[in-house]
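The block underneath contains the structure these notes are about, expressed in structure tokens.
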Amino acid sequence: MAKPHAGDSGLGAISCLIFTHAIGLYIFTMGFLLTRIELPRYSECRSPPADITSMKKFGSIHDSSGLYLEHLKKWEDSNSPELDGSTPNGSGCWSPRRFNKAILVIIDALRFDFVHADNLEPEHATNANYRNRFKLFQELSESDPAHARLFVFEADPPTTTMQRLKGIVTGGMPTFIDFSSNFDSSAITEDNFLHQFFLNGMQLVMMGDDTWINLFPTIFHRAYPFPSFNVKDLHTVDNGVIEHLRPEVDQGRFDLLIAHFLGIDHVGHRFYANHPTMKDKLQQLDNVLADLVESIDNETILFAFGDHGMTSEGNHGGTTPLETNSALFMFSKKPIFDVQGSSPPHQHLVIKQVDIVPTLSLLLGVPIPYSSLGMVISDLFWSDADLPWKHRCGVLRINAWQVQRYLHDYSEQSKVFESELMQHLTEEFLSVDSDYILYMVRRQNSTLDDDKHFMDLAARYQSVLIKSGRICREKWTTFNVLHMWLGMGLMLFGILTSALFLSFEPIMFNEYLTKCVLATGIVGSPIISYLVDLPFFLSLLFTMAFGALCYVCYVSIYHARRELQIPHPTICLSIALVTSYMMGSFSNSIIVVDALSVRFVSTSCALLLGLFDLRFMNIQGTKGIGICFLIAICLRSLGDGKSFGPGSLLTEDFFSASQLLQTYLSLSIMGIFLIWKTLYLPSRSARILLQSWALSVFLLISIYWWYDASVNLNSHTSWHSLPVAVYVLSALFGIAVLTLSSRIPRSLCIMFLISFVTSILLLLLGPRSPFVFVRILGIVFLLDLRRKHLPFHAHTAISESIFVWLISLRLFFATGHANTFSSLQFSAAFVGFEDFHYYRSAAMVGLNTFGGYLICALCLLLISPDLDTATSPRLHKLDSRYQGYAFERPALCITFLHAIRSCLSTINILVNRRHLMVWDIFAPKFVFDASTALIADAIIVAIMVIARKL
């Protein structure tokens, strides 16, 4: 039998390693980002959680001493009318109904300080555009504390609208991974208060954000939805709500009305919190709410609140106080607060967002949703009878029983809660309830009436509810440590294999590789599936990846084309720099200042390359030093990434002399540079074509930014479609360059492709981006110049690859991005488009976030050594157009670095999975590192394929 031919070693090895990396990350993620179980159970009016049957069942399981059951028997024998947990006269489920109607006004992104008024005039404040612009809530809570009250409304992260709405209606706590579904609104099947209202025959009306229709497509009797994802549109949703709100309130044909305003959130996303438009929007809603307060009747309660806050830049999604703290305002024309027995109105108590669920449910006489973890706001259940705390204690007891029932049932389905922890919580709850029962028995047999005792019992029930919520927040996300170890181990094995391949450049035989992968998959997948409880298909992928790595390791050792050598000093120092940077992944303090770390390391690496050019004691060495010094200056001056994203600048900021000069001078330099490069084209027609493209595209971008900053916000004129023209022209330009690549010098072809990508990124990143990209193009030009001036043996491929990898990180941070979800520039999804399309918008935000890695991959292709001077024995083709083969080693180095970075994040997560900062800092860092690695890997493979056609 003939010996198999050697295959395409580089592409085959990279494909194997990328496949392994993806499978390892997926398995690790399965173990780390498990979502909570949604129990398919629903509360029922006829089955209160604190009826005698439920109490006996619960006590028989958890009452080890028998004391609770003994007290329960005494209460049962007393024939107390309160024993069955039902509501007298059928006036509500579980608790007497206190209001006939409720209005929920949700003001998206209503940060607490937007409504917290003070005596300072807005014009004298640094935050003048939102300070004291929304005074209604504060004024009413201070002037009429029995009827109105303002609270701090604290949300559980992630602070995205979809997850907050789920928490508001179910009372549950969305887990970290739920962030990814923020733009994929699927119907809620878990028990929620809207479902309970609907089952109890109540009329539901909704207006505003169309997300409610996606979540509840069949539950509303009347609905007025408006498209919610166009952040450039500040008024359509709000004006639609205003149009329908007052007529619906005046007609009164509802039991629950939901009005969801979006203007404040869109102002934040399009501009930022202190933008002048925010002042107008806050004053508009202040007037709307003032009119609504006047129009409601005595049997209606109003809840007005924000679902989350926003950062100073107008973003949200993270865990900072600015993002999690919004405002909650309650109002009714009949007294609802005990002025003597509750906190003063100027002390704004903190209310958890999930607390609104049991509160609203019991106020309107419907069951609390089954999976709710909120604590009823007991201040709303005061009574002016002789025992005002008796009713408060009663609703807190119902609430505590409902939460304990849910935690008990959840613990039977999942082992997320430690048995000892749950035992302590249950014992504390039974102790409180036992004292309540004993006191009720004593009251039945005597004239004992002590409201202070009810107040003490209420405080103890609150303690149980608070501890229950805290336990869930701490332990909610379950970890499958075995899956985490398995995924991390596969990634570490892949990194080791990459190191071997980079060191020895082996000959690979694709036929043997295929046989090895299939054999290990068939033999090993049943074993892995049985041992670690992985789905069979995933076990098959895992074992196939493992087999591929084993084969690459084998050929690296036994079919090597390089001997093991001591690395060049440049490589050693470059690796040392990168290693010192990557070790920062284990420190939350360093992760927070990751941008500064990257700036320092990338600039140091540029100077390091120049330092080693000193070994050439001639004109080339001197030029190399100068070039590296200029590169270091460019990297250092890239900026800190503030005010990035489309529409991120104020009109006056954009039209300031310094910003205009910065934006349009940078654009002009890029255009002149590109036109200068076209002069080297051999074809006159190609020169004219590419020069026309450059002039047209940069002119269109300039016009678009000018109009975007100056035209009225309500204008929807044709200038909005200018970006589409840029996209079309750039796509045609890219196709033309690839089609004519055989007639264009390779370096020019790559430079034009970089310009094509840059033109699109300029639009998606906003008018500050030319300042960054003119430096990036300068760095690319200088690196290409250095490659031409230094002899081939000066290139190590590894050092240059490490440097380009650092440039890509520097570009990521310099364009306003960070390892936080709140740094995502969602406004990029609407550059050139007024509507939201899931895949197109996701692609545009993705290109905005990760487009810099595409530019740097093309840069790496540009500086890869020419094939005809390569010393590697497999690069035997003298035709320099086969650049893809020379690109293999640098490409593998880039994927290797991304793999190490994401693997270190997995190790950090595994070790620190119970760390205080795991969800605030470590988990977002892991998500961004993993996403970056996978996207960069895909880019590298695509460019390797394209490179062989250049």
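Cβ atoms here come from the backbone N, Cα and C positions, even for glycine.
According to TrEMBL, the domain 'GPI ethanolamine phosphate transferase 2 C-terminal' annotation covers 780-943.
Sequence-distant contacts of the transmembrane segment (12-34) (same chain, six or more residues past either end, CB-CB distance under 8 Å): 175-177, 477-491, 493-494, 497-498, 501, 508, 510, 513, 534, 538, 541-542, 545-546, 548-549, 552, 888, 891-892, 895-896, 899, 902, 906, 909-910, 913, 923, 926, 930, 933-934, 937-938, 940-941, 944. Look at TrEMBL and you will find 12-34 (among others) tagged as transmembrane segment.
Among the features that TrEMBL reports, transmembrane segment is placed at 482-504 (among others).
TrEMBL lists 538-558 (among others) with the feature transmembrane segment. Remote same-chain residues near the transmembrane segment (538-558) are listed as 13, 16-17, 19-20, 23-24, 26-27, 30, 486, 490, 493-494, 496-497, 500-501, 503-504, 506-509, 512-513, 516-521, 523-526, 528-529, 532 (criterion: CB distance under 8 Å, separation of at least six residues from the stretch ends).
What TrEMBL lists as transmembrane segment is 570-590 (among others). Same-chain residues lying 6+ beyond the ends of the transmembrane segment (570-590) with a Cβ under 8 Å from its Cβ atoms: 597-598, 601, 604-605, 608-609, 612, 796, 798-799, 802-803, 805-806, 897, 900-901, 904-905, 908, 911-912, 915, 917, 921-922, 925.
What TrEMBL records for 659-676 (among others) is transmembrane segment. Residues 649, 653, 690-691, 694-695, 698, 701-702, 705, 752, 755, 758, 762, 767-768, 770-771, 773-774, 777, 781 of the same chain sit 6 or more residues outside the transmembrane segment (659-676) yet have a Cβ under 8 Å from a Cβ within it.
Sequence annotations record features per position, and here TrEMBL assigns transmembrane segment to 688-707 (among others). Long-range neighbours of the transmembrane segment (688-707) within the same chain, counting only residues 6 or more positions beyond its ends whose Cβ lies under 8 Å from a Cβ of the stretch, are 654, 663-664, 667-668, 670-671, 674-675, 678, 681, 719, 722-723, 725-726, 729-730, 732-733, 736, 752, 755, 759, 762-763, 766-767.
Annotation source TrEMBL lists transmembrane segment at 719-740 (among others). Proximity of distant same-chain residues to the transmembrane segment (719-740), defined by a Cβ-Cβ separation under 8 Å and at least 6 residues beyond the stretch ends, is recorded for 683, 686, 689-690, 693, 696-697, 700-701, 703-704, 707-708, 711, 749, 752-753, 756, 759-760, 763, 831-834, 946, 949.
Among the features that TrEMBL reports, transmembrane segment is placed at 747-764 (among others). Through the fold, the transmembrane segment (747-764) approaches residues 646, 667, 670, 674, 677, 680-681, 690, 694, 697-698, 701, 704, 723, 726-727, 730, 733-734, 737-738, 741, 770, 773, 776-777, 780-781, 784, 825, 828, 831-832, 844, 847-848, 851-852, 854-855, 858-859, 861-862, 950 of its own chain, all at least 6 residues removed from its boundaries and within a Cβ separation under 8 Å.
Residues 502, 567-568, 570-571, 574-575, 577-578, 594-595, 598-599, 601-602, 605-606, 609, 635, 638-645, 648, 765, 769, 772, 776, 779, 783, 824-825, 849-850, 852-853, 855-857, 859-860, 863-865, 889-890, 893-894, 897-898, 932, 936 of the same chain lie 6 or more positions beyond the ends of the transmembrane segment (797-818) yet place their CB under 8 Å from a CB of it. What TrEMBL records for 797-818 (among others) is transmembrane segment.
TrEMBL lists 838-863 (among others) with the feature transmembrane segment. Within the same chain, residues 183-184, 229, 645, 747, 750-751, 753-754, 757-758, 760-761, 764-765, 776, 779-780, 783-784, 786-787, 800-801, 804-805, 807-808, 811-812, 815, 817, 824-826, 828-831, 883, 887, 890-891, 894, 931-932, 935-936, 939-940, 943, 947 sit at least 6 positions outside the transmembrane segment (838-863) and bring their C-beta atoms closer than 8 Å to a C-beta of that stretch.
Per TrEMBL, transmembrane segment is recorded for 926-947 (among others).
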